[in-house]
Ligand SMILES: Nc1ncnc2c1ncn2[C@@H]1O[C@H](COP(=O)(O)OP(=O)(O)OP(=O)(O)O)[C@@H](O)[C@H]1O
Ligand SMILES: [Zn+2]
Ligand SMILES: [Zn+2]
């Protein structure tokens, strides 16, 4: 096997294939599949992944691999296969997929350096810059404003050579340990030989006479109140030795977690465990959908399933949504499984993540708890995969490669013949429909743990507030109840959707929202020409000046931000202490935790926030939850708006009354009759499911139909429109007559970073050739993509229709 087939780190259509390289003599046998190598590519050197080893190549004159970056493969055979499958499934580049599967730290960095080959004939400026050195980084050359033409000339004349360096970003943390090689009696001798003045040195040697085992230098210094220089003197004399030992950056110290043991299960929990145990035992793959109301004890079911998998000598992956990966959550898993757990969280530094990942690679842990990308944890003996809050959209990556962690979980579950559990109080329609068909096995938890009923939900019709002359964003009922809780010393959670981003037009008088007659989504307001557009099918109308339903003039654009709400709140109820949690206040590392702690310690009365406060929070004194504007979710230009509203209202309501104090929920809305609001009020998931399925069927949406979303972006608007039009035409021409191609139409976010964005969408049932067709279409625009900054992105499973 002297030839390696390699995927190179150059994400482009022409390079999206295997390249053959010759393995030089000295690397024969050392290079294995799944390792990173450095290979020559054009004038440069790049990182590559070895996919296969072979004896035969169709090309002759292969170039040699330059270097090997790993001792142990970074990909297992299984993960190489997962990567190939995912590349095909998401129409991505191999390199993007494989990079996404590894921790950041294993990405390559590229550097150029200048190598001075001779002292003769070099210009004075360059000679001065090198200052006697043989090498200089290219960075230094540009920083010091070197003359590019002189450099080019020197390179042409062979005076200077440019080297391309490829390095991995990974760093390992090392710590210094001190120990002694001397026997205790030798130490005693040396102590006796030391002069009487050398008390510090004596003290150290006496310590080692009693404790000969290696000790961390920093510990030694603080324990003996000694200094680094005293230690150094003894090292120089040969009495002590120092060793640099690699240690993990450990953001989660085990000793901080109190150990817990399995709780005796309730009858419901027990019934749910039986089929899971069966599958764990038989080693058969199966996907379970665990539908359990908020606070029903799903986590305990996960914990005990994992425990069983571990007892069988297997490993477990648990995915939790990014924003739910709170210290509370980590505590539950570390508490049960201690040092068997690695945590892969995006808030960790690249180094910390790399270390956690390596614990998996080295088989030092058996459980991984993490966000989306933890699904690629390099376990080789998986026994169970769990996805908590399976309805969360953060499991879908909205960037290349556009993969859904659920698909990867199910694929890996098949490879390892192990069960996958999808858990949620509000499963996606897709998953619940599959469970109804028997593709997934449905497991239900219908009761709350404390046997308390779900908190009562009161709907406040904001149209009435307006009619009563209340123009503030707080209804009278909400204001009264907030004041009541403040008096009682209880806490309140106020929820506002998003960061004030909304695009629809609504009548404040009657709640009427202008929708597309064809697509059942709210029309999007376009300020520049005062028009309303459907961004699915491009239906368009001019912005009306009065409500089409009640003729009121109060029809307008809808939206407020958290900051505005905070201001209004402190004006209305000045004595309230408010913690605001949104993207702006949680940007800094650790601020998320800090704000939550502040609220948890009751240093504030009201937690005001966006999506990120909707889940996972478990505070005993929260007895009131207020949803300020349910409408801002309900009328997002997205066919999943109703589903998202139902999910969110249910989750937010679940934050109240989780312990002994009963909870109450106030939902303010202009659409109290909307079915997703009504079903959420009574916690009726099945009712919502049935109704929403009918809507999806009528308007041809998933799960009845599949969607493909193609978004085109370019600084020139005309070019974007032309390209999108062409793509839509090509799709319509080559797909079957059953497929419905919609668009082109402006994306709801019409301009991002100075690029105009247009999109087209395909609704279809069965188009086996679609991938091939789309690939060909993208290839058709290849030159524009490469040279003219055109972007075409294809999403075969769109969630964010923005
Ligand atoms: N068998 C049990 N006996 C006693 N307490 C339990 C048991 N199972 C779970 N609990 C406790 O009940 C509470 C709610 O459980 P948990 O948080 O797991 O619910 P959940 O279904 O995950 O809720 P959510 O969807 O809101 O996150 C927790 O405090 C948990 O420790
Ligand atoms: Zn109206
Ligand atoms: Zn439409």
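Cβ atoms are placed via backbone N, Cα and C, with glycine included.
Confidence over the domain 'Helicase ATP-binding' (279-445), given as mean pLDDT on the 0 to 100 scale, stands at 93. The domain 'Helicase ATP-binding' annotation in TrEMBL covers 279-445.
Look at TrEMBL and you will find 507, 510, 547, 550 tagged as Zn(2+) 1 binding site. A coil conformation is recorded for residue 550 (Zn(2+) 1 binding site) in the three-state DSSP classification, outside any helix or strand. Packing around residue 550 (Zn(2+) 1 binding site) is summarised by its Cβ count: 14 other Cβ atoms lie within 10 angstroms of its Cβ, all protein chains included.
Residue 519 (Zn(2+) 2 binding site) carries neither a helix nor a strand DSSP state and counts as coil. Cβ environment of residue 519 (Zn(2+) 2 binding site): 534, 536, 537, 539, 639, 699 lie under 8 Å away, each six or more residues apart in the same chain. Per TrEMBL, Zn(2+) 2 binding site is recorded for 516, 519, 534, 537.
Taken from TrEMBL, the feature domain 'Helicase C-terminal' covers 542-696.
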C-alpha spacing of residue 516 (Zn(2+) 2 binding site) relative to residue 547 (Zn(2+) 1 binding site), in angstrom: 15
Annotated binding-site residues 510, 516, 550, filtered by Cβ under 6 Å to ligand 3: 516
Sparsest Cβ surroundings (other CB atoms within 10 Å) among the binding-site residues 510, 537, 547: 510
Cβ contacts of residue 516 (Zn(2+) 2 binding site) (under 8 Å, same chain, 6 or more positions away): 522, 523, 534, 536, 537, 539
Cβ contacts of residue 507 (Zn(2+) 1 binding site) (under 8 Å, same chain, 6 or more positions away): 513, 547, 549, 550, 552, 554, 555
Other CB atoms within 10 A, centred on residue 534 (Zn(2+) 2 binding site): 24
Binding-site residues close to ligand 2 - of 510, 516, 519, 534, 537, only those whose C-beta is under 6 Å away: 510
